[in-house]
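Trainee: First the structure, which I've put down as structure tokens, then a few questions once you've had a look.
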Amino acid sequence: MKNLLSMDEVSKEEIMLILKRAAEFESGAKPQLEKEYFIANLFFEPSTRTKTSFESAERKIGATVIPFDAGFSSVLKGETLYDTVKTIQQSGIDAVVIRHKQDAYYEELLEGLDVSIINAGDGAGQHPSQSLLDLYTIFKEFGKFEGVNVTIAGDVSHSRVAKSDATALTTLGANVNFVCPPEWQGEYEAHQDWDQLIEKSDVIMLLRVQHEREAAYDGFTVESYRERYGLTEEREKMMKDKAIIMHPAPINRGVEIDSSLVECERSRIFSQMRNGLFIRMAILEHILKGRG
Amino acid sequence: MKNLLSMDEVSKEEIMLILKRAAEFESGAKPQLEKEYFIANLFFEPSTRTKTSFESAERKIGATVIPFDAGFSSVLKGETLYDTVKTIQQSGIDAVVIRHKQDAYYEELLEGLDVSIINAGDGAGQHPSQSLLDLYTIFKEFGKFEGVNVTIAGDVSHSRVAKSDATALTTLGANVNFVCPPEWQGEYEAHQDWDQLIEKSDVIMLLRVQHEREAAYDGFTVESYRERYGLTEEREKMMKDKAIIMHPAPINRGVEIDSSLVECERSRIFSQMRNGLFIRMAILEHILKGRG
Amino acid sequence: MKNLLSMDEVSKEEIMLILKRAAEFESGAKPQLEKEYFIANLFFEPSTRTKTSFESAERKIGATVIPFDAGFSSVLKGETLYDTVKTIQQSGIDAVVIRHKQDAYYEELLEGLDVSIINAGDGAGQHPSQSLLDLYTIFKEFGKFEGVNVTIAGDVSHSRVAKSDATALTTLGANVNFVCPPEWQGEYEAHQDWDQLIEKSDVIMLLRVQHEREAAYDGFTVESYRERYGLTEEREKMMKDKAIIMHPAPINRGVEIDSSLVECERSRIFSQMRNGLFIRMAILEHILKGRG
């Protein structure tokens with residue numbers, strides 16, 4: 001695996017390999033890189049958890065990180081993304097982690113570059129490292145994917161998490177359902193029977209309402225969204241015994257989830273972030289070792 | 001000591017312990033950390049010297065620093081400070097250094113988090129690492145605090161340095177006086193007899209006029225402030241033989257202090273910054289060692 | 001050499017020494033620093049390649065880098081550059097790399113500071129590390145400077161690259177010519193016979209049209225600039241057999257150079273960036289070793 005661009009390109013075997021390695025890191029295994037690798041993180045969109053998680057994972061596997069300030073770079077002078085990435089490569093960088101608002105931005109980077117590319121989110125496209133940490137969280141809980149009922153609730157059409165996860169989970173044998181306002185279902189078919197889905201789900205994965213997009217609440221208020229599609233204290237009581245709550249965060253407390261549920265017993269929200277560290281260590285080690 | 005939040009919570013014994021360790025670092029002692037610790041610096045307000053000082057101290061004690069860009073984080077997406085800090089903790093970070101405009105922001109972080117918090121300035125609250133470096137600067141000069149006459153001049157009500165220092169110096173036995181326009185005295189009682197105070201002070205600690213606050217000069221011009229409350233060349237001549245000048249910086253040259261005095265023989269302004277490095281090494285080592 | 005400020009101050013011998021050491025680094029030589037040095041990069045103007053190149057070179061020679069965010073520093077509070085740099089020095093930093101919009105900003109830093117200063121661009125002044133990497137690129141190609149015909153095309157008056165390179169190349173015995181609109185020739189005398197110069201040049205060095213300056217196109221459109229002064233596919237065919245194309249980048253594809261030529265066989269544009277890494281390693285090692 002030279003790059004990690006989209007879950008569509010990652011085989012079942014590679015997924016299970018990365019999950020296994022993440023579990024080893026979680027148990028205290030040491031990374032196995034035989035030379036010094038240089039990595040840069042190019043985040044052209046704001047991020048706390050994904051960027052911090054990569055920055056930490058990179059150092060924990062022993063790589064050297066070269067800082068890159070997207071908001072203060074020559075992109076402001078109109079440089080193409082290809083030229084920017086090639087420039088960074090020429091400074092002796094082995095891999096770049098990129099988040100960019102353009103869907104499939106990486107397509108223009110596949111010819112002429114030698115650097116490895118790890119996609120940390122492309123527009124409304126994919127977010128594969130998030131997807132792998134979600135898979136790891138589910139696998140740790142249930143020991144399998146086959147037959148696990150996963151409900152994804154929220155702004156599906158604008159969510160790269162929903163897309164990456166739906167692809168991977170379906171391939172691995174899980175049953176994936178969506179619930180959201182019809183305007184937000186995008187290419188998927190969404191259910192409207194939220195309460196009924198809650199009762200049969202093993203995993204409820206909430207998505208963030210994207211305030212920063214104009215018309216995020218198109219036809220809704222915070223209160224009416226919460227009532228219709230939010231995970232409220234009442235709805236949590238309807239969940240199955242061993243069912244868990246997930247959310248890629250950042251969270252709008254009191255909108256898609258009641259604040260009191262964020263750290264309840266069922267919640268794996270902060271565990272997901274912890275799992276992200278080990279997953280990203282596994283991804284980085286896998287890609288860097290592949291470079292030789 | 002798990003956290004360093006406010007000078008109100010630091011005992012005399014802990015202060016003297018940190019000062020002693022800073023002196024050892026200044027004499028070339030090596031830090032004694034037995035494992036690798038990860039630190040992140042969350043500066044939600046601009047800073048040069050405090051941030052640079054911490055960044056340098058962290059590396060000099062051998063910690064690994066995970067970068068965090070507050071101006072480009074999910075705080076922009078409305079995430080709570082608690083959720084942001086918990087997220088960072090989950091990426092494997094042991095301690096965070098935080099500057100934030102909200103007074104006592106750390107109160108909402110004390111439950112539910114395991115990470116150590118070092119307060120690098122909270123609103124108009126406290127700035128304990130600055131206070132400790134000021135104490136170190138005074139102690140190096142006079143070998144004691146008992147009976148040392150310290151005058152703090154300037155915008156006392158908006159200064160976290162004034163508050164932190166006044167608390168600590170008084171506890172340690174120094175005599176602290178304030179001089180400033182009545183509008184700026186806040187909870188303290190300010191003197192107006194600047195010239196008389198100068199003649200009896202061992203330490204004159206100037207505060208910055210905070211241009212960036214609206215109405216910083218309420219009723220003053222640069223020239224009238226300088227004449228009434230500034231440390232001018234004339235006033236410097238009235239100072240006691242061994243008396244010193246301090247300023248937390250950044251400095252407005254020609255406002256609270258004449259430019260020619262910034263590096264005069266009595267000035268400890270740039271020494272304070274040097275001392276800050278050793279003090280912060282001592283603080284960090286103390287807190288990290290306490291984590292085991 | 002304590003500082004690297006301007007090519008005017010670097011002797012022929014020092015140039016050749018740095019070029020030789022860069023070649024050794026390119027061949028895999030290990031840096032020879034006997035202690036840990038601390039460096040900060042103060043970029044008050046946007047930069048991708050220069051900043052990334054320095055950040056990478058600093059780590060590749062084994063220095064420790066202290067981050068500095070110019071857009072979020074006390075410079076916003078009106079602090080002078082001298083006070084900012086002295087502050088950084090007091091945090092235990094050995095060398096600073098500075099880019100600043102003011103011509104010869106470093107003059108006010110030469111008294112009272114001990115830190116080494118590496119100029120990464122001063123206003124419309126100089127850019128010596130870029131100049132040294134250009135020299136390295138030419139020397140690798142021709143094995144000499146004596147008699148090499150170099151044509152610099154573009155916005156000469158606003159280009160610190162043009163100034164630094166012209167000084168150094170002339171000293172080393174190359175023949176330097178300029179071609180540009182008369183309004184942009186600055187202190188030099190520009191030719192208008194572009195096609196004739198192309199036919200006799202060994203090196204064609206293109207400069208970026210500076211969109212971000214108002215009136216950058218004063219009297220030109222993108223199309224008319226390209227036709228009159230751009231390196232088009234047609235003009236490339238007129239170049240001498242072994243002649244090469246250089247550009248300090250970022251590139252405006254389709255303005256000063258046709259997009260198809262950016263990575264053509266003659267182009268050394270991305271090689272220049274690669275060479276920059278080794279040159280900056282050599283500069284940094286030379287200056288730091290000199291500090292003892």
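For all residues, glycine too, the Cβ spot is worked out from N, Cα and C.
Please treat TrEMBL annotations as automatic predictions, because they have not gone through curation.
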Trainee: For the carbamoyl phosphate site that TrEMBL describes with A:Arg49, A:Thr50, A:His127, A:Gln130, A:Ala249, A:Pro250, which of these is also annotated: A:Arg99, A:Arg291?
Mentor: A:Arg99
Trainee: May I ask which residues of the same chain, at least 6 positions away in sequence, place their Cβ under 8 angstroms from the Cβ of A:Thr50 (carbamoyl phosphate binding site)?
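Mentor: Result: A:Phe43, A:Arg99, A:Ala120, A:Gly121, A:His127, A:Ser129, A:Gln130, A:Gly276.
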Trainee: In whole Å, how far does the CA atom of A:Arg160 (L-aspartate binding site) lie from that of A:Ala249 (carbamoyl phosphate binding site)?
Mentor: 13
Trainee: Just to be sure I understand the packing, how many Cβ atoms besides its own are within 10 Å of the Cβ of A:Lys77 (L-aspartate binding site)?
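Mentor: If we count other Cβ atoms within 10 Å of A:Lys77 (L-aspartate binding site), we arrive at 17.
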Trainee: Taking the Cβ of A:Pro250 (carbamoyl phosphate binding site) as centre, how many other Cβ atoms lie within 10 Å?
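Mentor: Excluding its own Cβ, A:Pro250 (carbamoyl phosphate binding site) sees 23 Cβ atoms within 10 Å.
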Trainee: Taking only same-chain residues 6+ apart in sequence, whose CB is under 8 Å from that of A:Arg49 (carbamoyl phosphate binding site), what do you get?
Mentor: A:Ala249, A:Pro250, A:Met273, A:Gly276
Trainee: Taking the Cβ of A:Arg208 (L-aspartate binding site) as reference, which residues of that chain separated by at least 6 in sequence fall under 8 Å from it?
Mentor: A:Gly154, A:Asp155, A:His247, A:Pro248, A:Ala249, A:Pro250, A:Ile251, A:Asn252, A:Glu256
Trainee: List those binding-site residues among A:Lys77, A:Arg99, A:Gln130, A:Arg160 whose Cβ lies under 8 Å from any Cβ of chain C, in sequence order, or write 'none' if there are none.
Mentor: A:Lys77
Trainee: Near chain B by Cβ (under 8 Å): which of the binding-site residues A:Arg49, A:His127, A:Pro250?
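Mentor: Cβ contacts with B, in sequence order: A:Arg49, A:Pro250.
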